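Pulled from TrEMBL:
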DOMAIN    B:134-429  domain 'NADH:quinone oxidoreductase/Mrp antiporter transmembrane'
TRANSMEM  B:43-61  transmembrane segment
TRANSMEM  B:81-105  transmembrane segment
TRANSMEM  B:117-135  transmembrane segment
TRANSMEM  B:141-158  transmembrane segment
TRANSMEM  B:170-193  transmembrane segment
TRANSMEM  B:213-239  transmembrane segment
TRANSMEM  B:251-271  transmembrane segment
TRANSMEM  B:283-304  transmembrane segment
TRANSMEM  B:313-337  transmembrane segment
TRANSMEM  B:343-360  transmembrane segment
TRANSMEM  B:381-407  transmembrane segment
TRANSMEM  B:419-440  transmembrane segment
Amino acid sequence: MTALAAVSLALTPLLPLLMALAVVPPRSREWVARLLPLAPLPALAAAFLVQSGGDLLLEPVLLGLDLGIDGPRRLLLVMTALLWMAAGLYGRGYIPRDAAQHRYNAFFLASMGGNLGLIVALDAPGFYLFFSLMTLCSYMLVVFERGERSYRAGRVYLVLSLIGEMALLWGLLRAVAAADSLMIDDMPVALAEGGALTPLLLFFGFAIKAGQFPLHVWLPLAHPAAPTPASAVLSGAMIKAGLLGLLLFLPLGEAAFAQPGLLMAALGMVTAFYGVLFGLPQRNPKTVLAYSSLSQMGVLISALGVVQASPQAAPLLLPAVVFYALHHGFSKGALFLSVGVVQQGRTGRLLALSVAAVAAVAIAGAPLTGGSLAKLLVKAGVEEAQGTAASLVAPLLSWSAVGTALLMLRFLAALAAEPRKQGEESKEPPGAGWIFWIPFAGTAALAQLFAWSLVLVEGAEVAEKAVTAYGLWESAWPLLLALVLAAVWLLAERRLNLPKPDVAEGDLIAWVPTLAQVRESGHRLYITLARPLRRRPQLVTATGQGLADVVQKWEQALVRPQGLPITLLLLSGLLLLVILAS
Amino acid sequence: MTPLLLLPGWGYPLLLLACSLVPAVTIFLLPRDAQRLRNLVNLGGAGLKLLVVMAMLWGVYQGQSYSFALPLGAGLELLLHIDALALLFITLSALLWFVTTIYAIAYLQDDGEQRRFFGFFSLCVASTVGIALSGNLFTFFIFYELLTLSTLPLVAHQGDDKSLAAGRTYLRYTLSGSAVLLLGILWLEVAAGSGSFLEPPLGMAVLAQESPITLTVIFALLIAGLGVKAAIMPLHGWLPAAMVAPAPVSALLHAVAVVKAGAFGIVRVVFDVYGIELMQALHLGLPLTIVASATILLGSLIALRQEEIKRRLAYSTVSQVSYIVLGASLLTPLGFIGCLAHLVHQGIMKITLFFCAGIFQKKLGIHRIDEMDGLGARMPLTMLAFSAGALGMIGLPPMAGFISKWYLGLGSLQAGQGWVIPVLVGSSLLNAAYFLPPLYRAWFRPARVDWPERPAGRWEAPLWLILPGVFAAMAALGAGVFAAFPVSPLEWARLIVAREYTLP
């Protein structure tokens, strides 16, 4: 590896992290604020300079941090870096320039460092380090705007993320022990030979990040709660960390695992349709987008399930999944950014709506867009596969495209209805709009640019297929059907005066009781249960107050003079019994 | 030989001991109001010891070892010995003692009983060094008891009813524990010959053949005796009671002195007195693993219910120290690395938390978690250090706690005890449940009380109170980020295991 490549690779996670630290001294924080959009530059450089197969071992760091770029990492790194850059620039205009902006900058940079780092980490502890760095620091982005809504979203996000993190740690430890190696590359083979628990734990951990049903509830709360540029990277870039984890760790294409594959495919498809169903009644455009994100991730995870079940599809389907993720990342980023542009802009509102419309129909897979290429690629891959999983996913793919198209129309309607933000606009100097427009239009354009240039360079057949009558019709009919359905719905709504459906953000979470409610109902349950036992009060206290209480009682008893010696004797006896018995 | 001090090999253990013992005696001899001189003696001793320890580290790294033996007749021998394991503990105590001394001087500035405090404080550290240096069970026991006695005046330092009661509780627990420990030691001496740490006692192998039950009973006695100080449940009751002591004492108690002495003793018994082979042959590992796992979970569960900061920290110690016992009980190289690394990591993380809790209490009178609202804005530096310590306790990377957990997890898989990982992971979640709410309060809630105005242009608290905590927090971060760096706690633990405990 050349020196330049090595330096850019090391700086990929390090530069954002160092800049995050530089926010602390008041003197350097202004510079950080100015240079923030440039923080992902080393990542971009590394993506072009670092050859596959080479690695950079930073031996004293953590347990020997090993960095490198190969396989799906390169494309995801480019997309992630560009999206962070766009969001960084956008944030310069979006985040009010007060004292709080530095807090935002610090955690934005730290999350960026985590996100870029986890892509280039080749060893499991390093991956986990960056993964949890990103998870924790982006909590601060979710709650940045303060207020009850943000805090609630943050709480749900943090609890589910921590549970995911711990499942991940558990799985990683088992994987490392099974592979007898810290390197991620050695894991799939080891997992293919081992039992089901390890892959299950890893899947659980990554599925939470990717917002899969029924652990998706944090996502529609957290993604919209963050400031708009942070929402864009949360939904465009950070959500892909779960996907990347699955791509890197699971034994995809190693051997056929029919049942786990089928389960994955089914779960993905359930999420794909669930997201549409519960995204449609939403009114906040950002929430609609969040539901669309988890729905799209569901499509990708079901594709991975197909690979899991029939490994012969791997050579076609895995690159297709990466391609799909790339296009979705840029387009979804652009759509989130459009919300802020529409809210902010006095002029160009119509133009912003039309650019957003292009990105939206691209995600829905309209003919000749990158989205249609991605869908055709995935479809071709699934058709290559055999088995129950493939035969489940293949027909549902097109129907999920109908759902996506509906969701995108819903988003555009919500966006058009979005009121202009009052007051803030007047303070802005004239012509400041470019700081919103360049990242917004840029990411929307990059989605198409990247999709087409990749297809033309790598596999021209899909490009040819896309312009045939089959390809055009295949991409067009879901959109057309969605338009018809939407028109019918609008008509019906007007004529029949239907009630407007209303579903809370995070759907299921509304039914998950708060801690206070749990305590309250626990108490009620205790009283109900205790009633028949009232004649034996001692039993009730012992069982009802729980283990912790018993120990504390014991503790109090031991404080009495005769307590400890007796206990010690008893304990030694007990220990002896245990030892003798074992 | 180390270039720094040209002493004969037996001189080094004595020099190390003298670095704390001489200041202790000097402080008692100095007049009560000679504050400057006392601080000088104190810091001088602590500083000198740090230098000696550094020289020792170099020597031991090169493969040297140093012993001092003094036969006392009747087959008993006072044996001081420096090996890599002893040095791990000594380095931890020397470093944290230095930091705590600075903190204590700033903390107790207006206290009337400083001479008594610092005298016993130095004595306490001297005993800790003695425990680390001990080459056999007999020597270990002497210093272990010295530690018990020299800690008592520190626990009861404030002299009010509550402190005296805590002191009594402490004494009752530790003395009962010591009685059991002594019984075990004597029995072992009689049955198997001297309990040396250098080589397994001669009679052990024979006894294991003839009467494995005797060895099992002795093991139970030794662990029960040591378990009192290591706060293994249900022998932990003294620890939460002792939190009435001043913050520097709690810090030292929880990080290096008392609980660590118990844990260190357990490590010595498991690996040096009994040895891995014998432990495996007698099936002694699993019961210890179970007890440690139960303590880890129950300690965290009870911590969840505590509303006082220091009490919550105390129960967290109960839980965290059992990680060390757990690592030892796994009887695998990786588990043992985790155990030794956590011995150091828990120390630096917990001392950070107690330093900060002391500042909250002293400067703003904050005792309870619900009084921490808005603390982040008022005391940003202290709160940052506290947050670092708390995140480390949860075991999030790149803090030191993550490294411990990683090795303990791998060690349990190596031992074929995969069920331990859910215990570790569950404990992490519980830790998150009781450490994140205070952080949330401090950083996100508005302050509920009008605290005294912070003087313009001044630090949030006296600098000498803040710096020790910040330093310890940086150390906890550094030990994690640079875990594979040649002089990190983890690497030293690896060195010990590679040198002394390779499995056949």
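Cβ coordinates come from backbone N, Cα and C, glycine included.
Unlike curated records, TrEMBL annotations are generated automatically.
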Point to revise | Feature contact check the transmembrane segment (B:81-105) with the transmembrane segment (B:141-158), CB under 8 Å, 3 or more pairs | key: no
Study note, to complete from the structure: Residues outside the transmembrane segment (B:170-193) whose C-beta sits under 8 Å from one of its C-beta atoms, at least 6 past its ends, are 75, 137-138, 141, 144-145, 148, 151-152, 155, 201-204, 206-207, 211, 214-215, 217-219, 221-222, 224-229, 235, 237-238, 241-242, 258, 273
Study note, to complete from the structure: Lying 6 or more residues past either end of the transmembrane segment (B:81-105) yet within Cβ distance under 8 Å of it, the residues of that chain are 12-13, 16, 20, 39, 42-43, 46-47, 49-50, 53, 56-57, 60, 65-68, 117-118, 121, 125, 128-129, 131-135, 197-198, 246-248, 251-252, 255-257, 260, 264, 267-268, 340, 343-344, 347-348, 351, 355, 358, 464-465, 467-469, 471-472, 475, 489, 492-493, 495-496, 499-500
Practice item. Can you tell me which of B:43-61, B:283-304, B:343-360, B:381-407, B:419-440 gets the most C-beta pairs within less than 8 Å of the transmembrane segment (B:213-239)? Key: B:283-304
Check your understanding: Looking only at residues six or more beyond either end of the transmembrane segment (B:251-271), which have a C-beta under 8 A from one in the stretch?
Key -> 85, 89, 92-93, 96-97, 100, 103, 121, 124-125, 127-128, 131-132, 134, 140, 144, 147, 151, 154-155, 174, 197, 219, 222-223, 226-231, 239, 242, 245, 279, 284, 288, 313-314, 317, 321, 324-325, 328-329, 331, 336, 339-340, 343, 346-348, 350-351, 354-355, 358, 500-501
Check your understanding: the transmembrane segment (B:419-440) and the transmembrane segment (B:283-304): do they have three or more Cβ pairs under 8 Å, with pairs 6 or more apart in sequence?
Key -> yes
**Study point:** Distant-in-sequence neighbours of the transmembrane segment (B:343-360), which means Cβ under 8 A and at least six residues beyond its ends
**Key:** 88-89, 91-92, 96, 99-100, 103, 107, 246-248, 250-252, 254-256, 260, 263-264, 267, 309-310, 313, 316-317, 320-321, 323-324, 366, 372, 375, 379, 382-383, 385-386, 388-390, 392-393, 399-401, 403-404, 461, 465-466, 468-469, 472-473, 475-476, 479-480, 489, 492-493
